[in-house]
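Scroll down for the structure; my scribbles are underneath it.
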């Protein structure tokens, strides 16, 4: 097994995740099977109970793992499926070690950071890498070198570096090269970051320098001199117009070839599919405008998979798109604000939890339905679509979800039966892959081109089956079902009205877009052309 460790210095948010994913993509293009592990040094067991404002979107894996959004980038760039084990957290490691201590597995020894915690980290990494069957395992260490939370993980990496053969491990350090008021690129932050890394016993083989513009040769040479790496190992990772251009940029910098040389590997393939996809993306014509009405719109990373899925659909049909974000609470406060949705080619309501903003979202859904604007609802976006339809079309005044109103006279959305006795919040929802059978002749079947699909879920509430017949009598049909569970709602009388209990955005890939997002993008493009022809 070959290991590539990715660390970061100077500050957080430099793009270690995209760098890791891009390195992996380029190695895959060279013919190697790649897997990736994300280390998050927080004490939470997983990301499932975190607010999106803390770390952005909670990404859901096929096995139901609720993980850091970086694993979404790994899956999209590598076109692979990971598991919950691929996200290591301090909480998971400590919980395992404490459980072992309680079982007496340490034979009465004093349990310490070294060797017990570090051994558990190393064992996890090696076990995950071996189980994946990959040729190369990328390991991104979250946080910044110097953070106290990261110390046990960096020590484990140091030990791995000592234990593995030199040709089996490479250390890649991502740093920042800022520009001063005179426009000069400054190397001091990088020098100090590498110095701090060395104090921990780690010497980087490659330095990836994040900067606004391409590194000047003088800057590159200075970093090489003071950080003791070859000039060709100083990589310019300057700002790109789109994250999908980063693998091409790093390839042009010679990074993958340098890593192959370090790891004594040979290129067995030159896959150009990624490059061709980027060319198609940059040659898209036409434009559609989509309104996203959500609860966490102040941080776009809260909906990163949705944005990327829209991009995948747009690339596939060859159009550009622009997103306008709307805070659903603004519609709560002033319902007339919903008129701002006039003129959009499509409206999307994403998932979420809690009552805040739900009435505003339903105003947006109603506006889409009444004005025949293409609508895509995801998870809560489906539940609210059902509530809105029940209130305003079926005539069930006061219909609601029991999540928001326990005393509603018409609980058209209710708690999943298996959730009734659940007390803990973490990892207790209906999570991960579940199948859905699609109704023949429905929009859903035409979108997927199949009668049976598998998608990822994350919810505690569902459409109450006691109201299904009554709702369907008035024109909304449930075209996707998992036994007696409603998975997809659509209104056939509208040009495009599709809402799913699942999250199709988690399975969308560049070059292989999620069917609902591709169809939604197509419906918006059609709407845009119709407006121009009027």
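In case you wondered, yes, glycine gets a Cβ from its N, Cα and C as well.
Now, the feature entries from Swiss-Prot:
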- 1-265: region 'Amidoligase domain' (REGION)
- 12, 186, 187, 188, 189, 190, 191, 222: UTP binding site (BINDING)
- 12, 147, 148, 149, 186, 187, 188, 189, 190, 191, 222: CTP binding site (BINDING)
- 13, 14, 15, 16, 17, 18, 70: ATP binding site (BINDING)
- 53, 352, 380, 381, 382, 383, 403, 460: L-glutamine binding site (BINDING)
- 70, 140: Mg(2+) binding site (BINDING)
- 289-530: domain 'Glutamine amidotransferase type-1' (DOMAIN)
- 379: active site, nucleophile (ACT_SITE)
- 503: active site (ACT_SITE)
- 505: active site (ACT_SITE)
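Recorded features from Swiss-Prot, shown on the structure.
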| residue | record | CB count, 10 Å |
| --- | --- | --- |
| 13 | ATP binding site | 10 |
| 17 | ATP binding site | 25 |
| 18 | ATP binding site | 20 |
| 70 | ATP binding site | 23 |
| 186 | UTP binding site | 15 |
| 187 | UTP binding site | 23 |
| 191 | UTP binding site | 16 |
| 382 | L-glutamine binding site | 29 |
| 383 | L-glutamine binding site | 28 |
| 460 | L-glutamine binding site | 15 |
> residue 187 (UTP binding site) to residue 15 (ATP binding site): how many Å between their Cα atoms?
Replying inline: 18
> Using a Cβ-Cβ cut-off under 8 angstroms and a sequence gap of six or more, which residues of the chain neighbour residue 12 (UTP binding site)?
Replying inline: 143, 144
>> Quick check: of the binding-site residues listed here (13, 15, 70, 189, 191), which one has the Cα closest to that of residue 460 (L-glutamine binding site)?
In response: 70
> Out of 140, 148, 382, 383, the binding-site residues in the record, which is closest to residue 17 (ATP binding site) when you go by Cα distance?
Replying inline: 140
> Rounded to a whole number, how many Å is the Cα of residue 13 (ATP binding site) away from the Cα of residue 140 (Mg(2+) binding site)?
Replying inline: 13
>> Here's one to test understanding: among the binding-site residues 15, 140, 381, 403, whose C-alpha is closest in space to the C-alpha of residue 190 (UTP binding site)?
In response: 15
> Reported as an integer number of Å, what is the Cα distance between residue 53 (L-glutamine binding site) and residue 188 (UTP binding site)?
Replying inline: 32
>> Tell me the coarse DSSP state (helix, strand, coil) of residue 140 (Mg(2+) binding site).
In response: strand
